[in-house]
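Written below as structure tokens is the structure these notes are about.
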2 protein chains.
Amino acid sequence: MHEIGFIRDLAVVMLVAGATTILFQRMRQPVLLGYILAGVLIGPHTPGVLVGDARTIDDISNLGVVLLMFTLGLEFSVRKLRDVGIGMLLVAVGEVGLMLWIGYGIGSLFGWKGMDALFLGAIISLSSTMVATRTLSELGQRRQPFAQLVVGLLVAEDMLAIVMLTLLTAVAIGGSVQAEAAFTLIGHLGLFVVVGMILGLLLLPRLVDYVAGFGRDETLLVSALGICFGASLVAVWMGFSVALGAFLAGAVVAESRSSGRVVHLVEPLRDMFAALFFVAIGLKIDPAMLWQYAVPALLIAGVVIIGKTLACSLGVLVVGHEPRTALRAGLGMAQIGEFSFVIATLGLSLGVISDFIYPVAVAVSVLCMALSPYLSRSGDRVASGLRRVTPRSVQLLATSYSGWLEHLKPVNENATLAAILRRLLWHIAVNILLVVTLFMVGAYVNAHGWTWFSTVGIGREMRHTMIWACALFLSLPMLIAVYRKAGALGMLLAEIGIRESFARSYTHAIRNILARVIPLATLLLLGILLSALGSAILPPRGIAIFLLVVGAVLSVVLWRGLVHMHARLQAALKETLDKPEPPVDGAG
Amino acid sequence: MHEIGFIRDLAVVMLVAGATTILFQRMRQPVLLGYILAGVLIGPHTPGVLVGDARTIDDISNLGVVLLMFTLGLEFSVRKLRDVGIGMLLVAVGEVGLMLWIGYGIGSLFGWKGMDALFLGAIISLSSTMVATRTLSELGQRRQPFAQLVVGLLVAEDMLAIVMLTLLTAVAIGGSVQAEAAFTLIGHLGLFVVVGMILGLLLLPRLVDYVAGFGRDETLLVSALGICFGASLVAVWMGFSVALGAFLAGAVVAESRSSGRVVHLVEPLRDMFAALFFVAIGLKIDPAMLWQYAVPALLIAGVVIIGKTLACSLGVLVVGHEPRTALRAGLGMAQIGEFSFVIATLGLSLGVISDFIYPVAVAVSVLCMALSPYLSRSGDRVASGLRRVTPRSVQLLATSYSGWLEHLKPVNENATLAAILRRLLWHIAVNILLVVTLFMVGAYVNAHGWTWFSTVGIGREMRHTMIWACALFLSLPMLIAVYRKAGALGMLLAEIGIRESFARSYTHAIRNILARVIPLATLLLLGILLSALGSAILPPRGIAIFLLVVGAVLSVVLWRGLVHMHARLQAALKETLDKPEPPVDGAG
């Protein structure tokens, strides 16, 4: 009987996972490591343990990826990313980029083919959120200052991981098909993430809070899972991985007031499927192959530990933290984990990497996981050791560097002006992004929905006119907002730039001109951008000009109404993002 | 790509389940009903929604059965069953038996074949714990007296369901193979349940509490799931359904001090997989077939509602509750649910029932579920209506009946003696059961492990001697306990039965003889029983007598040690069962 075969295999896996978790908890070793080793032990290379085909266990562990990414997204949240700060974001980008490059270099040195080397780089570039946060909890270091830095770096890396997953898909498909497809995919990605996040942030947190109001855990859980799988479905339909959709769904649901309850309900699911996921990783490993690639694996593990530690420590040092804190943060990041498996699986399922990459990735991450607690524990000792062997001059330099950084920060009036300037630029950027998105959605509908239009009996020109008009009129509130913010920007720049001592009696006139010219120039540039982007859906010139005139008239007539509508939209988004942090204890 | 097909289908199912749960919660209808209807809507008879084969969704929903049964077991617990009381247990047995018989009768009336009629009876005999407890919670009636009766009946029915599942398997296999196989299966069942429960109660609650001591939810959850799936594995290996193993595992884990935490962690898993399970039920339904069997379904639904209500109400009335309470309890039981699907699935997978039984079962349970909230809500109105139409004489009879029952209960000294008597008989029964179990395990090892013995070079006689000696010596503590308890029983009976007024000066002598005769007679009867049971493993007569003598000598020499050992075993079991009820709010 098929079903018994499946349940039997699942039962064996679950039983082994249960025994492993007790054993490794008892031995104070990372449990994830235990799961993988248990998987290797009961795998198909130990005959007789599993009866069914590995495909069903594979399906279940894919389900694990979706739930894993959803909970990672729930712990991510836009607010946390904003709190990480631009400095740590740059550290993460630099560090991940460096590791990607080193990995690619090592792969090339071994004489592997290009795609293998690229995937090796991606695999070793991302630290493991699960391993790092567990190690912090287990050593009781979660409240220490360096732990905040590690969590910040991990959040930033999560975001980079999503970008990387998609770019790798694009490059892999592009490599085997054509470059144009890759560019289209990247365009779609932008569209998907931006539209998804904005629509999601406007709708889903409200929906989740509404459902939470029923006061029934079951309803809340099943709806949250519905959102998670629904987003995965949309992601797959747009050509991305399920992981991306689940992660975005998590990040959006995290903004609801009830996110704490959702996390609480989803955690047992994640724990169960994470166990299955990691055992399934072990199942895929042939011990003989592991032996064959022992030397590269050891070498790469060494590179990961040393490279990650150095890159993160230096980065944290450069943005202005103490050397000891920087070193401990670096040691906390010195491992790879779940994303490495997700990326390796992606490469395998796209058929672009060689078979040995997967076991190598697993071996490297197992080595790193096993060493992770020791590395984190040795932080203080290593720091003291380093201080003893470092020349005094270098130490002085490091200390004076952070003092010098403090001086660089803008103060008083300048700081206030800089803050206002940053906010205006940020608002303008978001609104332009929204307008661009609207026109791109229009182009997308035009490209993919044209059969529907022709069945309804609408010709090409009429179709273009309709889509273009819709995009234009829907953009009006955003365009007016851009115009107003650009006006404010112009006035501010005029105030700062045109000193009265210099322009004398013309001061007022020059300032006035500047405040008018900047918004108009912005709109003009935007217009050019839009006609380039929307060239595929541009109606005949006469109609386009007519529509523009209608739009302008509507803008003037409805100015107050449109400003009001935009303010309400903005307030809704701001409210979702600015609510007080709920009392959630993030990672389990 | 296969995996995308699976995740896509699962995502569609989960998305639909999410939407359904919100909608039905909003409309204050049973959510389970919504899941099933949603399943019918997106099923294979609506083309284009699902792409993959239904097999994987089936696998997932089988996983749902395991988790469902595990949580039902967790809420069952030996202690609760003891609290239900013998009266309600008899009501449950009577009511389930009656419905089974009615169902069989209806099937025969329709001219269905015997196995179909039998399965129909089983399907309509068991009420739905999920629907009944949810209805109670949703109407805010959980604290009312009749709710306690409903929960008691449901617990008793859970136990009957397990018996029925196994007997149906036995009958189904027996029907198609031979009667002997069915008897063997029933013997195995007894062995499995008794050995499983005793070993389980001695080991698993301790293990769970030990793991809970680590203070990590993940470890506790994964170990609990390991136990659940491990027990299912053993059940399958012994030839039973996974449902049985999972239920027993739940009932055993429920006896640990940490069962509250385990329930809390497993609930989200159950909710997710219950949603999948009920949607998957809908997926299997062809609306056309439903239409074809509309008349039988409507008829059977009517029979279920009226039959269950009447049988339960009368039963509750007979064991001495108020008419109004009895009626409300009856209305609360008037539906069928998850066990019906489990039984129908069992019939399908064994290939003994016709294809139309499944949709009929689903239709009947959907109708009952839809009506369940209205029936429960109408309890008071129906009671008042009935009172108005009932002749005064009948009302008087009912009221005086419960008064009469009160008088029947033993009071004072007699009550104390009865309690002591009951306890002694209970202890003797458990110990005899243990001895019988040991010899049956011996016979089982003899029958199934003989190839192993011959490879080690042990002949038939030697094998019998070894197994029999092991069983005998392991039984010694239990045999001594039986002897001692039987002695106490004899003395008690002598005290009660031989009044001093009657036997005069011989009183003491007669009492003494009785107190000696009863234990010896018990041991003799036990010996005959054992030689019948253990006839397959009886060594040659000379050796058997020699072993018996050795056993007797050992008993005398080690009497104190063996008594002590038995007391410790008994204390361990008692401790597990008698610990104070943890603060758990059972069904979600």
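Numbers here mean position along the shown chain, with the first residue as 1.
Yeah, the Cβs are placed from backbone N, Cα and C, and that goes for glycine too.
The domain 'Cation/H+ exchanger transmembrane' annotation in TrEMBL covers B:14-375. For B:6-24, B:60-78, B:85-106, B:118-137, B:149-173, B:185-208, B:220-253, B:298-319, B:339-371, B:424-445, B:465-483, B:513-537 (among others), the entry in TrEMBL reads transmembrane segment.
With a threshold of 8 Å between CB atoms, the same-chain residues lying at least 6 positions outside the transmembrane segment (B:513-537) that come near it are 428, 432, 435-436, 439-440, 442-443, 446-447, 464, 467-468, 471, 479, 482-484, 486-487, 489-491, 493-494, 497-498. Here the transmembrane segment (B:85-106) touches the transmembrane segment (B:298-319). Their Cβ atoms form 3 or more pairs under 8 Å, with each pair 6 or more residues apart. Touching of the transmembrane segment (B:185-208) and the transmembrane segment (B:465-483) is ruled out by the presence of fewer than three CB pairs under 8 A, sequence neighbours closer than 6 excluded.
Distant neighbours of the transmembrane segment (B:149-173): 72, 76, 80-81, 83-85, 88-89, 91-93, 95-96, 115, 118-119, 122, 125-127, 129, 132-133, 136, 181-183, 185-186, 189, 240-241, 243-244, 247-248, 312, 316, 321, 325, 329, 332-333, 339, 342-343, 346-347, 350, 352; these residues of the same chain sit at least 6 beyond its ends, with a Cβ under 8 Å from one of its Cβ atoms. Long-range neighbours of the transmembrane segment (B:220-253) within the same chain, counting only residues 6 or more positions beyond its ends whose Cβ lies under 8 Å from a Cβ of the stretch, are 62, 65-67, 69-78, 158, 162, 165-166, 169, 185, 188-189, 192-193, 196-197, 200-201, 204-205, 207-208, 211-212, 214, 259, 261-262, 265-266, 269, 342, 346. Same-chain residues lying 6 or more positions outside the transmembrane segment (B:298-319) and placing a CB less than 8 Å from one of its CB atoms are 87-88, 90-92, 94-95, 98-99, 102-103, 106, 120, 124, 127, 149, 153, 325-327, 329-331, 333-336, 360, 363-364, 367-368, 371, 375, 398, 401, 405. Within the chain, the transmembrane segment (B:424-445) has long-range Cβ neighbours (under 8 A, six or more residues past its boundaries) at 187-188, 190-191, 194-195, 198, 467-468, 470-471, 474-475, 478-479, 481-482, 485-486, 488-489, 492, 522, 526, 529-530, 533-534, 536-537.
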